[in-house]
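All remarks here apply to the structure that follows.
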């Protein structure tokens, strides 16, 4: 078999007159009365191949048997297309290849999906036949971008003197965070490894080990409820460094992302990135990962609501809640009563009891709650919300957390429905000054807002014992277009502070030592101050590639139920395997 001389998408006018050897798949076959045209595709693109009796009767006879997705080896001569046949939409549109010889390397059945960017297949079919789905150019280009992003990050970190170090996949189960994926040990009866949710502890131990600058393109595993931007196994760019301040870490990450955007997308972004405290983000956007590509911020009307004539508003404030609103500028005519009812049902999903609304007309406020406000109160609403004729005002009165969640989600929905979001924008943002702990009323205990190894502000360390809810974290999240791209923090590196943190989380001394004794002991041997960040590679590529589903950036992803339609994983295993592992199943019928 002759070697390939050209990739299909790279045969250009410079090759006119040359004999070329091409290999690829049949994208399309057209029979035009004695002539057969085949679009031959490989990873680089498509080239048109012409079979004619004048050039080769033998090749034409073979071409008559060829169908879509056959794998071919074509030998032929590159010629210029006629003036009327030039296709400006193809990189190879000025030439075609006159086939002198063709070999079928492999035949193909009719594929269950159309191999094209615009396929008609459902996602389940695409995942079942993922190897065919990956042939679509849009998929190849996505994974080429993923490769380019990873390569750019590796090169950047190499220039910053970081070492790429692999950490264990089989590790110890720890109780914090999501559920672990467990792996039974055959050698140690009744004991289990866990797949890592992140390399957090090992990268900190590398800092104890004096490596100073570490990174890893790390595989992580979390047994949690899935959604469109979550997968049970995912990849993160894991970074840790000793002796760097928070400012130095943020600056380095900004330089890294600037290089990624320029090298991969050809987009210049400005630095430093805007910063917003966690409290400010929640107050203004109802989200700890605000999408700042459009306005429509939340406005607090609680002070006004406390003394107004609408009892729903006053009652919410009296019960310790708040009243907030968003102004959908110019949207009054775009939302009917039925449409607003749909918005009401939408906010109920986030815990809101309802959605109050007003439309602004030339002669004042109109809507079911307008009658509860006198002229002065109506003017306060108009002024506070900067409202004018044609605006739609939407209110939620409830607990603070419900108001933030429901209006934050409603803001995003309206931004999409009203086409306020510039899809070509890349708005990076740091969210800083997070609460260290979050209280779970059902569990009746505190949980770490990020993880148990996050350093509190120095002046807040004592609050761990007196008022844990007031302690602030030296933590920072990188947000891009409303998605959390990554989270990081300075880490605890002193044993006494770490023990105070464990105590605030409800660990007894014995539990802390049993779970994390190796880390606590390591902190007694000269641990340097350190910190880092972990960036979600899958999510970053999703955003840069303009995809809406994380599964499109993972070669062989799982479904929303954490199953693989291609391999039928997870699946039962033989009884002998379970016996070797000393396991008995207690499966509910």
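Yeah, the Cβs are placed from backbone N, Cα and C, and that goes for glycine too.
Swiss-Prot lists 222, 223, 224, 484, 536, 537, 538, 539 as ATP-binding residues, and of the candidates 216, 231 the one it assigns to that same site is 231. Swiss-Prot lists region 'Aspartate' at one of the ranges 192-195, 196-199, 200-203, 204-207, namely 200-203. If you average pLDDT over the region 'Aspartate' (200-203) in this model, you get 97. Sequence-distant contacts of the region 'Aspartate' (200-203) (same chain, six or more residues past either end, CB-CB distance under 8 Å): 167-168, 171, 174, 214, 216, 238, 240, 451, 453, 516, 519, 532. Nearest Cα neighbour of residue 537 (ATP binding site) among the listed binding-site residues (222, 450, 491): 222. In the shown protein chains, 22 other C-beta atoms lie within 10 A of the C-beta of residue 491 (L-aspartate binding site).
Spacing of residue 84 (site 'Important for tRNA non-discrimination') relative to residue 491 (L-aspartate binding site) is 67 Å (Cα to Cα, whole number).
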